[in-house]
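Feature annotations, courtesy of Swiss-Prot:
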type     : residues  : note
CARBOHYD : 190       : N-linked glycosylation site
CARBOHYD : 297       : N-linked glycosylation site
CARBOHYD : 322       : N-linked glycosylation site
CARBOHYD : 971       : N-linked glycosylation site
REPEAT   : 61-71     : repeat 'BNR 1'
REPEAT   : 377-387   : repeat 'BNR 2'
REPEAT   : 438-448   : repeat 'BNR 3'
REPEAT   : 480-489   : repeat 'BNR 4'
REPEAT   : 722-732   : repeat 'BNR 5'
REPEAT   : 819-829   : repeat 'BNR 6'
REPEAT   : 1106-1116 : repeat 'BNR 7'
REPEAT   : 1147-1157 : repeat 'BNR 8'
SIGNAL   : 1-21      : signal peptide
TOPO_DOM : 22-1362   : topological domain 'Lumenal'
TOPO_DOM : 1384-1409 : topological domain 'Cytoplasmic'
TOPO_DOM : 1431-1496 : topological domain 'Lumenal'
TRANSMEM : 1363-1383 : transmembrane segment
TRANSMEM : 1410-1430 : transmembrane segment
C-alpha cells in the first residue's frame, strides 16, 4: 500500500471559526464550530498537532496549530468510515484510524501521511482493539471479532512492522497482551529475546467454552509453530478460569476465578516467566471488585472491595517490589459501581497520594440505603499514613475520580506542586454543584479557595498559567491566573458564544501556553458544538530568567523539612508564584533533582518467603525456608540465612551510617519446616449430643479463593447446627437458641449460605461461615411447599424470595408472592404474586439479559383453575411475555430450558417445549420408536455435552417403572432414541449417571426382563455403558478373576461380555446419598461401584466392590463385600469403608486401587453411615459419619476426621512441568473408545494429566487434568448417531422407523437465511460433541441448492457431476456397511443386544434418606404424592454428579407442627427441585395434602 499525502481540505470541514479581538494583555480565543460532537481528542506528544473524530459522521479532523484551524483527514475510502481514533501511548508520532469495513489507517509522522492496511475485523466494546508493545512501537496487536451474519468469533491480528504487514495471530482468544507491555517492563532483568516476542492470550477451555475454564496461553513465535503453552501461574501449574490480564508499570497481572465462587486469585510476574500468587493480608478479592490503580516503579497499588457492591467501599493495598505480598494502607476507600476509586497520585512527585474515604462506613455496611459521607485524606509517605486536607483551619474535601468532570488527571499535572480540586470545607463532601474551586501550590500541604462555584481547570507553562471554566451551567467566559491561583482574571469567548463546557485540556506535559476547550451550545432547537483554542503566547509577558526560579522541595516531613522516599529527597526548579514572566520552555518537562539519604527502616521490605508480622514491625516466614546446601543435617543445627528484610529494589539510600535490616542472621533449622511430619494418618473423633445427623453440606473453598479452610455444616437429629472450618477436627455450634427452620446453600456460589426462620428473619454468610450477617425478608416464607429462595447464576447477591401473604388463617386468600433483591436482601422489590416458582434464567451460554426471569403464575391469578402460565420478563415484570398457558413444570440447564406443557385435555400427552436463549421456544420432536401411548412423565438428565437427555417413562406402574432415554440435537428440538428400558423408580429418578471429568462416558441400568415385567414380574437389571455420549451402548466387561484370584461362575466370549456374563453395578436409585457417585471430577478415568458378575444384578447384600482405571473399559474386583468409597487428593488417595456392618478399620489405596492398606481408625467398632470429603475430591482429609456400636461405645453420633496430610507418602507436593508434562510426577493419559483402535474419542485424541501411581507426593489444589486436544481424527461411524425417526439395527446401521418419515430436510433453507444447500436424509447425524473432520460424512451425502441460492451452490460444488457424484455417494455407504457387518460378526454384544422395552430396577431410597432436593427434575404428572423430610441439606443438588437441575413434577413437602413431629417423620421424599431450599421444614401444621398438579 503506498503512502498517501494528507489533503488539508478546509472547504470540506463542516466548521466555522470565530476569533476574539487580539489584545496584548489577554489570551487570544478562537472558536471552531462543528455540527456534531467531537470525541477522541488527543495531542501528539511534543507538538501542536491535535486530532479528533466526528462521533456521527465518522470523519477525522486534524489541527497543526493547537486547535486554531481544523482540516478533515481526506483519504481514499475514509470519509464516513472512521469507527474510532487512537493515539500510540508511547510513540509521539503514531496514530491509528480503525474503519468500519475492514480498512484501517496508520500514521508514523503525526498525521502528515497515512498508510492503509486491511484486517477483516469488527470492533465491540468488550475488548481494547489495539494492544501495544512496551518497547517497540511497531509491534501492535489488533483484536476484535470476525462475523459472518450473526455468528461472530474473536480474532487477533499482529504486526511487527507498524502494519506494513498484518497476520492473524490467533482466533477465539478472549484478550491478548504482550509480555513486554510497558516501557519499563523487565528493566534490569536482561530479558531474553523470547520474552520480548512473548504474547499471552486468554483462550477457551479445551472442552468447554465457559469462562470458568479459560486458559492463559503464551507463545514466543506468534502461535505459528506451536499452539501455545499454558502459563504456569500457580507454583509452576496452569490455572483455569483466567478472566483478564492487565499491565501496570513493570508488572503483568492475571486474574483467575474458579467456578462456583466470586473470589478471584491474582497472579503477578515481573519477567514474563515466573509467576506468583498475590497475597492480600487475608482480604478476599472478588470478581469485578478490585481496581488496579496507578502504581509506582517499585510497587503495585490495588483497591479491593471490602463490603457490599451496592454501596461499594474498598481497601487500598500496596505490594512489595515483586508484586506478591500486599499490605493494607487505608480502609473504606470510596468507590462506585463501575470500579472507579477516589485515588490519585500527585503527578511527578513520589509518594503523595490523595484518596477519599467513607466516614460513616459502619452505617453504610448496615444498610445500602444510607448515603455515604465522604472525606478527603492525603499521604506524603507513599500511603503509610494519611491526614486530612486543610484549607486554613478547616478540613477540605474534594470530588475525585468517581465524579470525573474533565479528561486526564483529576487534581494534578506535570506542573510541580500545583494541585487543584472542586469541593468544600466542613464535615464531609457535599454535592459537586455545592462545591468551589480550591488550589494548593505546595503539593497538597495547604489549600486556599481559588474561585467560587465548580470549575474545570488546567495547567500550562509548568504551572505559570492556570485556566478555569465554569462547570455548573452555560458560560461565555474563562478565568485564568498567572500566580498559582492567588488572583484571577476573565476573558470572554468570541462572538457572544455561551457553552456548556465538556473538556478543558492542553498538551500532555503542561509546558505550553495553549489550551483547548470543548463544549456545546443550544441555539433555537439546534445543538452546536465548539472546539475553542485559548492561546497565551502573544501576551506581553517576558521570558523568565534564573532569578525567577526557586528550589522547591517536593515533600516535607512533619517538621516542614525535605523528606526522604526511596532513599532520596526530591526537588524541582520552579517559577516563583508572584513573578511576571512565562517560562516558555515548550515540550521541556520539569526535571527533578535528587539528594540521597541514609537508609532507614522505610527503605526495606520483606524478603522472598517472608511476610509482615501482625504488628507490621518485622518480617516472619510465610512458608518453610529453603535450606542452604550442606546445612541442617540435624534438626537443632543453625545456619546463616535471610533476616526477613531486603532493600527495596531501586532504592538509592546511602548504606554507610544507615539502618542495615537486610544483614543475614543466624537461624535454627526448625525454621525450614512449617509442620512436623509424623508419617502417620491422624484421627480426630467428635461426638454430638444427638443420636444421628440429619444432613451435612460443604462450603468448599475453590482454587481462586483465599485461605485454607475446609468448611462443613452439619445438622443433628436434635436440630442443632454445627460448623467446622478444618474438615471436622474442631466443631462449633452456630445460632444456639435460634429457631432456624431452613438452611439454603447458594445454588451457584459455594461460599454462600442462608439460614432462615419462619418469621422471615435470617442470616447469611458470604465467606464460608467465617462471618454471618443478618437480613430481613419482605414477608414470611411461603406455605405452599415452594422453594423460598432462588439465586442468580452469575450475580451472587441477586435473590428471588417467594413468601406467603395473607396466610395467617390459611384461608383461600392465602397466596405466594415473589420479591427480588440485588443486594442479598438489604432491599426488596415486588416481582409478582400468585406464583409457584420464579427463577433467574441468565446463563453464560445464553445471550440473555442478566434481568431475565421466568415465573410460573396461576392464570388470572387464580390458583383454583390449576392452569400455570410460563411468563418471562427482563424488566422485573414492568412488561411480561407469555410463553405457555398451561404447563406442568420447567427446567433450566446450562444450555437448554425444557418445559413440560399440558395438553388441552387431562388425558392428553405432555409436550416438550425447548429454548436455548430463553426468548424463543419450539416444540420438541420426540422419536416415534419410543412407544408411549400417552406421555405422562419425563425426567431431565444431565445435559452438558451440547445435547439434552430425557428419560421418558414407558411403564408407570408402581414398582415396575421403566422408560427410554432420548437424546437431542444441538438445539434440543429433535430427539432420537439412545437407550430403551432404562430403570426408573417411583419418585421419577432414573438409573443414569455420567462419568465426571471425561467426555461422553455414561452408565445406565436397564430392565432385562421387560416382557415379564409387563406381566407383573419383578424387575431384573443390567448395567450398560456408552463411550460416545449415548450413540452406542454395551454391557460392562467383567474382570477375568475376582479379588481372590478365582474364576467367576460364568464365562465371557473372547474376553467380551455377553448377555449371560457381564458386570452389573447398583446405581442411582439405590443410593442413600445421591452424592455417592461412581466417579470423581478430579480422579480422571477412575470409577468405583458395587455389584456382581452374572446375567443380572443381584441383591445389594450380595454385592462386591469393583474399580476401573480406564474409563470403564476394564474392571477389577477390589474386595469381597460392599464398601462405601471416597476419592481424595484428586484420586491419589482412595478410601473404602464397609457399608452396613460394624468395623474398626478402613482400607486405603495410594496407587489408584492396585494395592490396599488397612488402617484402624477406632478402638470401638462403629457403624459408618457415610464417608465424605470436599466435593472436588481434592482434600487429603475425610469424614466418617456414624455411631459406636461395640463394647465401650459412647452415646451420640460421631464425625471422625481422617487426615492423610502427614502421611509420609503424601507430604511432598507433586511437580508438574507444563512444558514437559511427563518429566516429573505426572504422565499423559489418553482415554480410548473400546471399539476404535486408533485412540480417537469424539473425533480427537485427548491427553489428561494423571499422577504416576508410584510417586510418593500429593497433588494438592485441583489440577487442570486435560492437557491438550491432540490430533483431530477422521470421522467414523462412532461420530454419528441415528437421526430423527431412524433407529439402530442389529448390525449397527440406522434404518427408518417403519411407517414414519424423517424431518423435512429443506426446512434448513427457511430456518437459516445463510444456508446455501440442504442434504437428503441419510439416517445419521453427527454427535454434537464430536470434533472429527473429513472421513465418513454419513450425514451429508447428496446436496441440493436452497431456493434462490443456486449460484452460491454451484460455486461451492464445482464439477460435482455424473459418475463422480455416484462414487462420492456410494463409497462411504459401502464402506460403512462392510465395517458394520465385520464388527458385528466379530464382536458379540457391541451394540448390547438391546431389546426395545427392556427396563431395570431401581430400588427405593432408604427410609432415613436425608434428601430434600437433588439436581434431577421429574417433569411428570403421574408420580404418587410424596412428602419430604425437610431437614436435608438442600445443597445435595449441587454436589450430586449424575444429574442436572430440573424442578420436580411433585414439589409437595411434608409440613410439621413441632420439632417432634419433624424428628419422627421417616421415609418421606420431597419434590425434586434443584433450587429447592428447605433444610429444616418446621411449619404450622402436620397433615398431608395432594399436589394441585394432577398427582395421584
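Yeah, the Cβs are placed from backbone N, Cα and C, and that goes for glycine too.
What you see is a predicted model, and the numbers here were worked out from it, not measured in a lab.
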Average the pLDDT scores across the repeat 'BNR 1' (61-71) and report the rounded value.
97
State the non-local partners of the repeat 'BNR 8' (1147-1157) in its own chain: residues 6+ outside its ends, Cβ under 8 Å from one of its Cβ atoms.
1086, 1088, 1107, 1109, 1116, 1118-1119, 1123, 1131-1137, 1204, 1209-1210, 1253-1254, 1256
Roughly how many Å separate the Cα of residue 322 (N-linked glycosylation site) from that of residue 971 (N-linked glycosylation site), to the nearest whole number?
49
May I ask for the distance between residue 190 (N-linked glycosylation site) and residue 297 (N-linked glycosylation site), taken between their Cα atoms and rounded to an integer number of Å?
17
Distance, residue 297 (N-linked glycosylation site) to residue 971 (N-linked glycosylation site) (CA atoms, angstrom):
52
Just name the winner among 190, 971 (the glycosylation sites) by count of other CB atoms within 10 A of its CB.
971
I'd like the Cβ neighbour count for residue 297 (N-linked glycosylation site), meaning other Cβ atoms within 10 Å of its Cβ, all protein chains included.
14
Looking only at Cβ atoms, how many others are within 10 Å of the one on residue 322 (N-linked glycosylation site)?
21
What is the number of residues in the repeat 'BNR 8' (1147-1157) that are helix, strand and coil, as DSSP sees it?
0 helix, 4 strand, 7 coil
